[in-house]
Amino acid sequence: MDKTVQKNSLKIAALCVLILLMACLPLISDNYWIDVALMALIYIILALGLNIVVGFCGLLDLGFSAFFAVGAYTTGILMTQYHLSFWIAIIASAILSAIAGVIIGAPTLRLRSDYLAIVTLGFGEIVRISAINLHFTGGASGIYGIPKPSIGSFQLTGLTGVYYLAFVSVILMIFIVRRLGDSRLGRAWKYIREDEDAAEAMGINRWRTKLLAYIFGAIVGGFGGSIFAVKMTAISPQSFSFNQSAMILLAVVLGG
């Protein structure tokens, strides 16, 4: 018992030190390292979203960059063409990403294993190619001049402001995803991951439960896309290729 308490105490202490270091990073580093850390925070958010689908529910998704793109483009379009605030844009991104999750997930989640992976890969490419060919997405050139977020009259200018936005978002998303994983729905996802047939025999609607995993994962992915858009101030279809999906999946696998 004492060893367990000691181990948990060490984990909490290490986590507190890490959070403190990340919070102080902009004060002790130059813009290069702030930029590197900011991209790492964005990928943490994306990995948390994909972890709901792959880690909790056991579904192999090779097209997660589609939700990343939906969030980024929604934010870019609403902030540049309609001059809406970032906070409205990020809510709209979450809603549209959830809708995209339903559109992509509903017809495909009855598939299993390799077949599901191939179909999700195809959907990811469809979203990217659509962004290249649609007028309102800026075509192959993308969207430029995306403004930085603001809180009232205070604008989050430079890398530091967006860094702290991403930092707070990561803490929030970790809390939400952990709560989801420990919830009744999270346990249902894990039952499906271990044995779909046994889970259904226990009364779990596997199609609806898997669809909810896809929706929640899409929302988190769209959230990450919104922060990416205001960080870069410009987005293009090349930012949402299969390589992005593979990198996010690799982060989930290596992170356990």
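Backbone N, Cα and C atoms are what each Cβ position is placed from, and that goes for glycine too.
Listed in TrEMBL for this protein:
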type: TRANSMEM; residues: 12-28; note: transmembrane segment
type: TRANSMEM; residues: 34-54; note: transmembrane segment
type: TRANSMEM; residues: 59-78; note: transmembrane segment
type: TRANSMEM; residues: 84-104; note: transmembrane segment
type: TRANSMEM; residues: 116-136; note: transmembrane segment
type: TRANSMEM; residues: 156-177; note: transmembrane segment
type: TRANSMEM; residues: 211-229; note: transmembrane segment
Sort out for me which stretch, of 12-28, 34-54, 59-78, 84-104, 156-177, has the most Cβ pairs below 8 angstroms to the transmembrane segment (211-229).
-> 59-78
Intrachain residues whose Cβ lies under 8 Å of the transmembrane segment (156-177), provided they are six or more past its termini | 19, 22-23, 25-26, 31, 34-35, 37-38, 41-42, 44-45, 48-49, 51-52, 148-150, 220, 223, 227, 230-231
